[in-house]
Amino acid sequence: SITEETVELLEPYLDMEDYNLETAKKVCGNVAGLCSWTQAMAYFYGINKEVLPLKANLALQEGRLAAARMELNSAQIQLDEKQMELDEVQAMYDAAMKEKQALLDDAEACRRKMNNATALIEGLGGEKLRWTASSKNFQNQIINLVGNVLLATGFLSYSGPFNQEYRNLLLQLWKKEMDNSKIPYSKNLNLTVMLVDNATVGEWNLQGLPNDDLSIQNGIIVTKASRYPLLIDPQGQGKIWIKNKEKNNGLQVTAMNHKFFRSHI
């Protein structure tokens, strides 16, 4: 209830030198407290005059702070919601990017396979003619197989005792009979190629068998015929070959004049 006017009215008294508690006690101790109280109230008014606006401003600022905090809380809630949405969208984006990369990798792998397949097809395209010719040749071999086997078995069974010339003559006679009987066979048949491979012939040569056609035919008859062969071998080439060929198989060599051989005659 103290006003500024009341304080102005008190100022002349407050400015007096003897307006204090000590002097008042000397004059009248009962009112000394009132003197001190008036000074305190005037001082309080001055302080309160500055404090009240500050208090009002504090209340205003606290109100603003509360409103700002409410806005902050609301904004934080919205931020959290948006962050959750962002996390979900980011997860979807990461999954989509991962799927995209997987698709790109699959596409690249497919592209490489297509390029390899194209190169392979182009490379194999040149083989078409050879395959067609080979297929036709295989078909002819199937048709001529019976006749070829007949000539091969006849060669193994009957041509052993004869020389090269007579063996060729036998083949010509057999082919003529087969033509008359309409038995198909390969016109360019090579019995040596049919009955033995080059690797085996090479091994025979290393073992001492000569490389001429007659010797190779003799080697075929010795190894392929079902009957025991009898070699007429004045030069000893066949004996050397047989010894080398059967050396690892426990071959035993004897002669007609050997004592153990004669004891069984």
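Just so you know, glycine gets a Cβ as well, placed from its N, Cα and C.
Taken from TrEMBL, the feature coiled coil covers 58-113. Mean pLDDT for the coiled coil (58-113) in the predicted structure: 93.
According to TrEMBL, the domain 'Dynein heavy chain coiled coil stalk' annotation covers 2-174.
As annotated by TrEMBL, domain 'Dynein heavy chain ATP-binding dynein motor region' applies to 203-263.
Residues in the domain 'Dynein heavy chain ATP-binding dynein motor region' (203-263) partition by DSSP class (helix H, G, I; strand E, B; coil) as 32 helix, 0 strand, 29 coil.
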